[in-house]
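J.: Before we start, here is the structure in question, set down as structure tokens.
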Amino acid sequence: VVVKRCRRRSKGDAPQRGRRPAARASRAPAWARRGGPGPWVFGGPGRASSLRPLDPGGAVCPCARLAARAKSNRSEIMAPNTHPADGGGDAAAAAAKKERDAAAAANGDDRYLKVLSDCVNHRMESFYRDLGEKIADRPKTTIIIVLFLTVCFGLGWMRLQVEERSEKLYTPQDSEAMDDRDWVRDNFDTGARFVRLYYIADDSANFLDDRNAIRDLFTFYEDVNGTAVNDGGLQDICLRVANGQCMTESVLGYWQYDRDTFEADADWVGTLSAIDIADGFVFSGTLEVDDVMGTYARDGTGRLTSLRALRMTWMIEENLVKDGLSESDPVAEDFEEDFYDYTNDFDPTADGDMHSETDWRFNAVISEAFDFDALLSAVSYTLLTIYACVVMSTNNWVHSRSVLGLVAVGTVGCSIVSGFGFCLAIGVPFSLVVNSVVFVMLGLGVDDAFVIMDALGAITDPDMAVRTKLGRALARAGASITLTSLTDFAAFLVGSSTIIPALRAFCIFASVTILFDFMYQVTLFIAFLKLDEDRIIAKGSDCCCCCAPCCHGCVADPEVACCSKEKNFKAGDERNSLVRRAVTVWLPDFILTTHGKVIVLLAATALLCTGAVGITKLELDFQYEWFVPEGTDVDEVLDIQEDYFAGRPTPVSFYTGDVDYFTYRDSLTDFCTAIEENSDVDAASVRCWYQSFEEETGNAGSNAATEAAFYSAIETYVNGQGARFDDQLVWNDDNTKLVATEIPASLTDTDSTEQDLDAMDSVRNTADEFPELDAIAFSFPFVFFEGLAIVYEETIRNVLLALVVVFIVALIFLADLSAALIVLINIAVVDVCLLGFIHWFGMHINMVIAINVLLAIGLTVDYSAHIAHAYMHTSGTRDERARKALEHIGVSVFNGGATTFIATLALAFARTYVFQVFFRCFVLIVLFGQFFGVIVLPVVLSLVGPTVSYYKEDPDRDSGKYELVSGKSKQRVFDQYNSNSESKANAVDAVQDESKDKES
């Protein structure tokens, strides 16, 4: 293949096609002259995949000789050591052979990995070389095709529907909570939602100083229950108590919601000081003080002396209507919006402020915050475009490539359009969490463009044809970007097997978009790169030279430098930037010294230990209230709940199914008693319909002689004094038998999510003790608790699967077990540090964090894999190879980390919990990924890195000539190669006989 490519060179540099000289054909193969064993090649009669030795007596073509050479365990295919003309060639060959044999014995079965890696890398190089050359031939056609595909896949956006239901995002759909929720919705058509008013006194005010605060409440109550709010819409949707009035909870119940009674009460403070009075407007029939008053004080007699907070609550029906992927109650939301506006417009007469709490406002604030955060992607695009343009520009109007920075970011945009469109077309649900994939792609996508540009910049021959240059640049960069893209794709694809819907959708969108970005970078970006190369040849001006603002009269002259003391511009000077010197010179000069290695390893150990300690302290927690942006009116209401009313208790309901209630009526009594005795249930909050039925009817249920009499007594009760329980009982079609019942209650206060999970298990265990009643315990927060309960399990599972996939891909491309293991350990250490520092940064483990932990693998594998791949394809000692790896790919890796950080920098201003967490995690991922990938990994490789090297001097790289040896030997071989056809052939053989390169 090498000889064949050599023949494709320009006529002045390569031998003409034709038969080789007879003298050349008569020479014995190099391996035969050394007396070594014959090389092995694939194939043989009847065995397509068998190994057989080359026939020593047969004619060996150059391709076969090179293939045989690649099969051997040498470090380089063409790495000359001593030219035969210098003498000592036989000794050098013997020493090289001995070294190869020792390496083969040490590596054992690694030779099979080498064969596989050679096959993969060789085919990829050939493919990318041909692809680059073909795109260079038809750049405009390529651009049109890619843009056409982008438009076609972008049509999938027409199916865009945002999934906003939390239970559809953060809970396994086959969980017990989801099954219970569906059963409750099927049997109990009407849900309930709260509408609350908070009346908070000013700092120095006391609502007991006068009657104005209570009068304000009466005015507000009368307006809401009248026509002043929503044209009396409350009367159509409120839940009612036995007396037919809307269910309300307020201190007004002390005067039975009658203003005249209050005004006639001379000792109204004394009346208000009573505890837990009877109130027919309350569902339970008893008004509890702590539910309606906050931050109050009493004297020794129990009389109130100060009161700073009042709360009034209405309960209204909830009838959800499905609209696409979302569910809403338009009637209730319309009333709640008017209630919110009325509260804001109300002018209280007492010294205090009024605040409203409604589900409509809660969801509206969260939606507004997500809309704002979505706009931050435009800011990220702008920042990343500026950075990419600056990195690719120089102080010369001709050689500057700033326009390619815009192209690189635009290519990422096309991949996002195509990837998202494809996923939407096949029905993958889109959520606001998925929107963060945009920031991931902005960080990952441009990285490939930097690697390609770095490979192009390494080609220094100014006379090389653009077609050839692009082919060789893409061939050089192709294996590296394929390795990282494939590992990213595989890691996210494996993550899509999770049972958490939001994480699954995120991984699917990410993996598909990464695949599109990879394909577009090696096609669309290369096409624009070809056009830019043509511009440089034509001495056209870059559209955005970085020095334009300070340059006076800059002209498109390739030899004139702008804004520089040195007016002469030299091609390649842009590769001596501050960042490049820092990464390729100053950094290795420090970390690859003895002291530097010690400092780096100590720092890495300290970070690892800190992360490990943090993991042991990590707590499980997830609160839906975290989605509320700080500083909003809803956030203020949440603070009021915590400060004045000790938060909101978690409601829970116990349900019984379609059973024979007459037969199991004693079990109903026992069930209610077991609920009250459960330590995780607030006994005072239990509202058992059957207990009340028995108490208020004189045990009519127990005394019923027949089933018909039993159900008749219950029906009579709920149609009369037990009307408050009407919504808790579900009858069959002819109202002759109960098919489901509900017993509402509340959980006791908890201090952590772990306690919430324990409480959920506790009430479920209570329900499971009564299988004859087909009992279940359900609360809507259980839907989220179910997701939290499996976060640890799912996170560990997804991380392990992703690491296994990354290891397999790295093993194939790196063709070395130790190198793949080092990369694997490096990525695992980054995840350990990330999880540990999540605790130190005040965050908790939950579904959002689980996404970021998996994301860390996809991001950090780029940093580690690039360095390891470069290390495996360099020669020299371990220290030298570590240095060369940084010189070859270090700047691109640094720029990749910089683009990821810049892409997420706008999230620092995010208003929602999801994006705030993403920003913090992204910062940690970039810092740890860069530190362990660019600093720690080279040190580790310099100490325990693989000794085997797959380095080869590619005759098609760089200047386009064979990079053989240094000094006089190099010049002599070139002179000999160019003298005549026979000496050219001898020179090639001489090069192939040499065993080791004197310099990289």
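The backbone N, Cα and C atoms fix where each Cβ goes, glycine too.
Sharing the feature lines straight out of TrEMBL:
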type	residues	note
COMPBIAS	1-10	compositional bias 'Basic residues'
DOMAIN	373-531	domain 'SSD'
DOMAIN	820-943	domain 'SSD'
REGION	1-41	region 'Disordered'
REGION	74-94	region 'Disordered'
REGION	979-1000	region 'Disordered'
TRANSMEM	141-160	transmembrane segment
TRANSMEM	374-391	transmembrane segment
TRANSMEM	403-427	transmembrane segment
TRANSMEM	433-452	transmembrane segment
TRANSMEM	473-496	transmembrane segment
TRANSMEM	502-529	transmembrane segment
TRANSMEM	799-815	transmembrane segment
TRANSMEM	821-841	transmembrane segment
TRANSMEM	848-869	transmembrane segment
TRANSMEM	889-910	transmembrane segment
TRANSMEM	917-941	transmembrane segment
J.: Mind pulling out the one from 141-160, 473-496, 848-869, 917-941 with the most Cβ pairs under 8 angstroms to the transmembrane segment (502-529)?
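T.: Looking only at 141-160, 473-496, 848-869, 917-941, the most contacts with the transmembrane segment (502-529) come from 473-496.
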J.: Please work out whether the transmembrane segment (889-910) lies in contact with the transmembrane segment (141-160), by counting C-beta pairs under 8 angstroms that are 6 or more apart in sequence and asking whether there are at least 3.
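T.: Counting Cβ pairs under 8 Å, fewer than 3, so no.
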J.: For the transmembrane segment (374-391), could you work out the same-chain residues 6 or more beyond its ends whose Cβ comes under 8 Å from its Cβ atoms?
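T.: Long-range Cβ neighbours of the transmembrane segment (374-391): 402-406, 408-409, 413, 432, 435, 438-439, 442, 446, 449-450, 544, 546, 895, 898-899, 902-907, 909-910, 915.
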J.: Short question: most Cβ pairs under 8 Å with the transmembrane segment (848-869), which of 141-160, 799-815, 821-841, 917-941?
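T.: When the Cβ pairs under 8 Å are tallied, 917-941 comes out ahead.
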J.: Against which stretches of its own chain does the transmembrane segment (141-160) lie, if we need a Cβ under 8 Å and a gap of at least six residues from its ends?
T.: 135, 414, 417-427, 430, 516, 520, 523-524, 526-528
J.: Determine which residues of the chain contact the transmembrane segment (917-941) at the Cβ level, with the cut-off under 8 Å and only residues 6 or more beyond its ends counted.
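T.: Those are 436, 439, 443, 583, 587-588, 591-592, 596-597, 600-601, 603-604, 607, 819, 822-823, 826, 829-830, 833-834, 837-838, 841, 843, 848-849, 852, 855-856, 859-860, 862-864, 866-868, 871, 878, 881-883, 885-886, 890, 893-894, 897, 900-901, 904, 907-908, 910, in sequence order.
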J.: Summarise the domain 'SSD' (820-943) by DSSP state, stating how many residues are helix, strand and coil.
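T.: Helix, strand, coil within the domain 'SSD' (820-943): 110 helix, 1 strand, 13 coil.
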